[in-house]
Amino acid sequence: NETIFTNDKSKTNQSKLQKKEIVKVGRVQLHRMCTNPAQLCVRDFLRSVQSCVVVHGLYNQRTTKSSDYHRLTFERMRCYSVINMISCAVLKMESRSGYSTIGGHSRSFVNVVDNNPSIQVELVMCDNCSKLSTDRDEDKTAAMVSQAEIWQEDKKFTVYKVVIWSRNESWHVFRRYNEFYKLNELLKKQVPDLSLKIPGKKLFCNNMDPSFIASRREGLDQFVHDLMHQNNLLSISEVRTFFNLDTKVKEPDRPILFKCSGTINLGPSERPSAKPSDFVFLRIIGKGSFGKVYLAEHKTESIHFAVKVLDKKHILARNEVKHIMCERNVLLKNINHPFLVGLHYSFQTKDKLYFVLDFVNGGELFYHLQKEVRFSETRAKFYTAEIASALGYLHFNGIIYRDLKPENLLLDQEGHLVLTDFGFCKEGLIGTETTNTFCGTPEYLAPEIIRKEAYGRSVDWWCLGAVLYEMLFGLPPFYSLNVQEMYNLVLHSRLKIKGPVSSQCKNLLHKLLEKESNKRIGSNVQDFNEVKKHSFFKSINWDDLLNKRITPPFQPQLNGTCDLQYIDPQFTKESVSSSMSSFCDEKLSSSKQDIDNVFAGFSYTPPSSLD
C-alpha cells in the first residue's frame, strides 16, 4: 500500500491528538490524526490538519490566503473524494485539479490509479466515530459521473455513465446530456429556490471534441454531486427514476466507439434489420398521404402489429423527409408511456419505409364520437386526463405534438386512449423555446399558429381544450365549413359553452382555449403539472391513471386481438397485394442508393429483437 503521511503544522496542540484512523482506498492508505475523539470525521480532520502529501510519486503543496493550512491538490483526471461526512463510507470521483468547497469545508482529493468506478472502500474508525455514524447517514446515497462514452445508433452521440452507491449496493445508469438538462428544468419548476447548476448547451462547437466532453462530464458530475446532497430532492419521482433509486438495476453496457480514457472499441457488427418477409400482411386498416397501414403477423412469434408502409418517392416529392425522420425519432421515445403507441421496428427497402407499431384495434376516438355524438363529462374527463398525461410526457422529452385531434387517438382493448401519428411533431424544444412552422389540422389550430407567430408547447394545451370541447358538444369550439371564417372565429370570437357541464369543466375549457398563449393554462414552466392540478381533475389519481388502475368508462366489445369491427370497412375490404411480403434485401442501383441515403438512419431494431 502507498501511504499518505500527514504533517501537522496547524495551531492544534499535539498533546491533544488522541486517536488515529486509517482509510483504505484501493491501494492508498490515509493516516489521519484527529484532535477530538468525539468528532472523528473527515470534515473536522480536513479543517484542522495541514498536509504535505505524496501519492504514487506525485508531490503537490498549495497554500491559500484564506487559511493557515494547506489544501491537497492533484493534477490527475481520476480522483476520489470522501464525501460522506460522518460514516465516510462513500467516495465520489472527481476529474478536476485543485480543490472545491462544500458548505465552507475543504475537500481532499486522493489520486487512485485503479480506474474501477465500483472500487471498494474500507474505513477503520474508533468507537466514538462509529457511534456517531450509527444513527446518521444510514441510507446515505451518493453518485458520480464516472466517465463519458461515445455510442452510435443512427449517428454518434455521447452518454455519461452515472455510478450510484447506497448502503452496500452500487449500480450505474447511462444518461445523455439532454436527460440531465430536462431533469434540472423539472427540478427548477418543482423547487423554486433551487440553485443547481448544469453545463450550458453549446450550439457552435464540436460536441465530439475530447476536451469539450471532459469539461461537460466534470460539470455534470458536480451537478449530480450537489443534487445528492439535497435530501429533499431524492423523494421526487423523476429523480428516483433518473438514478434508478427504487429498482437499483444496473443498465447494460453498450458497444462503445470511444471512451474518454482514450480506449477505442468498435463493438460487434450491427444487428440484422427486420424485413418485409418476416411478416404476413393480412389486411389494410388505414391509408395516408404517403402509403397504407396494414395488420400484419410476425411469422415466428405470431404477434400482430400495425405496419405503416410509406412510399419513398412520394415523401421526397413532397419534401417530407424531415417529418418522417422526426416521426421515427419520436416513436423511439414512446416506449415508456402507456398512452403513446410504441415502435417495435423501423426498416426500409429500396422503395418503401416501414414502421412496425403496436396494433390498437378499439377504433379511433373520432369513430366513437361520430357514433355517440357526444360523451358524458365523466367519460370526457377520463380521456382528457390520459391525453394530458401523454402530452406532458412528450413535452418533458422536448417534443411538441402539434396535431392533436380525435382521428389520432385510438382506443385499446381495455378502453384506454393511445396517441398515434407523430408526423407533425417538433423535437428539441426545451422549456419555453419556440418554433414557427405553420402545421396542424385547421379545426384545432391555436391562435398563435394562425397568426404565424412563434409558438411553444402551449399549442398542445389549446388542442386539448378543442378535443375536450368536441367530446362534450360534438363539434370543435369554433367550427365552420369555411376555413378562413373558422380562423377568424378562433382569433376573435368568444368561447360559447353550448350545454350543461360543471363549473370546473367550464373553467378548464376557458383556460385551455385562452387566445393569449402566455395566459393559457400550461404555458408556464410547470406545463403539465399546472394542468393536472386544475379542479376539473380533482377526482383523478394520476399515479393510478398512469398505471392503468382506473377502469375506463367504456370498453370496446372485441372478439380477440385481430377483431377489426371498429376499423373502417372501406379499408379492410381492400385486398392486400401478394407481393407485400416478398420484398427482400435487393441490391440497389446507384439511383436507388441515392434515395436510400436520404433516409440513412431510419432503420431500427431493438436489442431484444424478434429476429
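Heads up, the Cβ atoms here are built off N, Cα and C, so glycines get one too.
For reference, TrEMBL has these:
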DOMAIN    138-250  domain 'PX'
DOMAIN    279-537  domain 'Protein kinase'
BINDING   LYS308  ATP binding site
DOMAIN    538-611  domain 'AGC-kinase C-terminal'
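Under DSSP, the residue listed as 'ATP binding site' is assigned to a strand (E or B) in the three-state scheme. As a whole-number mean, the pLDDT of the domain 'AGC-kinase C-terminal' (538-611) in this prediction is 71. For the domain 'PX' (138-250), the DSSP counts in helix, strand and coil order read 44 helix, 30 strand, 39 coil.
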